[in-house]
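*Asks:* The region 'Disordered' feature in TrEMBL is assigned to 1-70. Annotation source TrEMBL lists compositional bias 'Basic and acidic residues' at 7-19. Residues or ranges marked as domain 'SAM-dependent MTase RsmB/NOP-type' by TrEMBL: 227-516. Residues or ranges marked as S-adenosyl-L-methionine binding site in TrEMBL: 329, 330, 331, 332, 333, 334, 335, 354, 378, 399. Per TrEMBL, active site, nucleophile is recorded for 452.
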Ligand SMILES: C[S@@+](CC[C@H](N)C(=O)[O-])C[C@H]1O[C@@H](n2cnc3c(N)ncnc32)[C@H](O)[C@@H]1O
């Protein structure tokens, strides 16, 4: 198998869904009896797979396949994430396609890849203890193989002997010379179950609740702290959120208004209408990209929370004209697609701005059959760009670039990549973009500020500061009535924070501001 090489993230979290996620392993995915592909590749000691046509380079002792293809695929995806800074949701489908893995094999590879990456922090702590040395000092290819093995031992029903032997076989390929070490480490890991390891390694909840939760639920401590703060210090709720972050997220479709109704779409795709958004359909499985409704532009993949916050902007009460709408951070175009469809029904016209050229092209593609003007420019140029005049727009969306801590379910590696130091540049940009939006909106018009992060520095602090520095009169609009009636857990207003564990959505934040 040859590596598809570095794969960079191009989509919003909405567009990146697990492929065909598996239920937890039930034992049918043991190491024996896997199909093998003649001419398949094998990883070099550096960890990359190299194709050797006509030779089964993976044949192990006794002629049986040394490593089955789903595990190989998972290993290669995990290695690419760490070696090439690839994104699992992009690199894994490429590997699965290249290997021709479908059905249960693809599901198993997906489960192993996503599960290992989500649980990385805890797995590393366990491997450090089991190896008697810091996991960071283990050769990267062997380290990734051990992570994959430890995940199978602690979080799936793969029999222990199969998890150990398949991992040792993998290590034989990626780190010859380390097989004895790998065998010993995994046997040590297998001595306890996941709960017993947490009991042994995590600080107690009483003495260090953040440290305990971080290790028990595999999140960086700063992220746990940020979640706990956003949840008002409620550690029970924080725990539920962390558990939810480690679950496979469902795929949500958005039935484009004017094109197809949610009930009709649900019937067509075998899904269920969403609980909250009138446009949402929950998909039970399968590859959404293969659906005719998605291919022909009647629907797109979009988290229900994203649908709700975009729709909220269109529902904010407005006096006077209502024909000019602006999406100031539009790429790759999920919300622009929904806003453009609603605008078409209401006789309004959407302008969508995106600073990154390739993402601007994605916006144009996402809105290709709608009357949307796509501008490839910096949203902060309001007042300097003739197409972005001041006091011109009636409704403006700022779906700001953010840490994405609200969509960790969809991006298994991102919790380990993000750093608290990312916050200062991001919040400066968020303030500047919201300031530009407040210049772009007409007096009496509304601005929705949205992040896919519940971090209070990116939410409340940014909004308060940007409004204070804007130099224009700004009032908060209570956002709660702009969400579906009866939706629970919306807090005290005027802003709204959605949560995976409360609403089944990404953790989207919404503030609605009216320019006086
Ligand atoms: C959270 S994403 C928006 C997601 C999008 N609204 C959707 O629903 O698909 C933020 C976007 O803002 C863009 N961006 C960052 N800085 C910008 C700027 N100064 N002006 C315009 N867009 C910017 C990023 O490239 C990114 O595509």
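Using N, Cα and C of the backbone, Cβ positions are placed for all residues, glycine too.
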*Asks:* Counting Cβ atoms within 10 Å of each candidate's own Cβ, which of the binding-site residues 329, 335 comes out highest?
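*Replies:* Top count of Cβ atoms within 10 Å goes to 335.
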*Asks:* Along the domain 'SAM-dependent MTase RsmB/NOP-type' (227-516), what average pLDDT does this model show?
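*Replies:* The answer is 97, the mean pLDDT of the model over that range.
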*Asks:* For the C-alpha pair, I'd like the distance in angstrom between residue 335 (S-adenosyl-L-methionine binding site) and residue 452 (active site, nucleophile), rounded off.
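*Replies:* Between the Cα atoms of residue 335 (S-adenosyl-L-methionine binding site) and residue 452 (active site, nucleophile), the distance comes to 12 Å.
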*Asks:* Cα distance, residue 329 (S-adenosyl-L-methionine binding site) to the residue listed as 'active site, nucleophile', nearest Å?
*Replies:* 13
*Asks:* Helix, strand or coil: which one is residue 335 (S-adenosyl-L-methionine binding site) in, per DSSP?
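*Replies:* DSSP assigns residue 335 (S-adenosyl-L-methionine binding site) to helix.
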*Asks:* Taking the Cβ of residue 333 (S-adenosyl-L-methionine binding site) as reference, which residues of that chain separated by at least 6 in sequence fall under 8 Å from it?
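*Replies:* For residue 333 (S-adenosyl-L-methionine binding site), the qualifying residues are 352, 362, 363, 364, 365, 366, 367.
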*Asks:* Measure from the Cβ of residue 452 (active site, nucleophile) and count the other Cβ atoms within 10 Å, all protein chains considered.
*Replies:* 29
